[in-house]
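Taken straight from TrEMBL:
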DOMAIN    1-240  domain 'Tetrapyrrole methylase'
BINDING   LEU9, ASP84, GLY87, SER112, ILE113, LEU163, VAL225, HIS250  S-adenosyl-L-methionine binding site
Amino acid sequence: MLYLIGLGLGDAKDVTVRGLEVIRSCSRVYLEAYTSILTVGKEALEEFYGRELILADRETVEQEADEILRDAAVSDVAFLVVGDPFGATTHSDLVLRAAKAGIQHRVIHNASILSAVGCCGLQLYNFGETVSIVFWTESWKPESFYDKIRRNRLSGMHTLCLLDIKVKEQSIENLMKGKKVFEPPRYMTVNQAAEQLLQIVQNRRELGEELALTENTICVGLARVGASDQHIAAGTLQQLSTVDFGGPLHSLVISGCMHPLELDMLRLYAVEPSSFDQINVEDSSTYLSS
């Protein structure tokens, strides 16, 4: 059996009781180490689980899946994922490979940012398509995520933005030279995501477009959701570009049309309470260019 086990969002103890029982009984246990991170390291997990963990980076999961599935038809193998196992499409590919090889699989679910984001006070059923915001480079500055946010806001929906993670990445120079030298890990902050969105807003303004959001759009920044030092701040996009959220992982929510109850919840985390005074919660049409 191949077990895909969610670890939750906080620390080692967030694993379910059933998940922990399976981890302790498997012949091999892999820890997926590139779509997300826990606030504790591999060593803390090993100590709590009482098992050695094999780190599985992107290359291992996407190119060496056969090694993960080795002997899984006759013994139990566990694949651990921060959050929920199906928070990333890569893990669906692993399940399909297992099925093709005649290997059964079982999923043990856990909390993910897709559900835990409700802690900020915005209702989950009011969220539209989730988007990913990637790190810009000097020569590559995609804006496609802005267009998805626009579609959500046209429907009055909130947008959860998952922020880029760069783990075990190579520089172009080392790639060209074939050197297995990796850059230090990087985790996008709310500030960086907000700054990129502000630049896109300015670009679209100069093109004369009707704006999907502006510097004054109400947004929510979240950091280390599920951990004891979780941090939430609500304010304008401009305000969130300067808030110190601390260490990773960060997420950003762009608000849509808000119910009065949602608005009251966001005020609990307001950077500046006066930012919420002029919001018209009844008229969703105000959410473009506002």
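Cβ atoms are placed via backbone N, Cα and C, with glycine included.
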Local confidence of the domain 'Tetrapyrrole methylase' (1-240) - pLDDT mean: 90
Spatial neighbours, same chain, of LEU9 (S-adenosyl-L-methionine binding site) - Cβ under 8 Å, 6+ residues apart: LEU38, VAL82, GLY83, ALA111, SER112, ILE113, ALA116, VAL225, GLY226, ALA227
Packing count at VAL225 (S-adenosyl-L-methionine binding site) (other Cβ atoms within 10 Å of its Cβ): 22
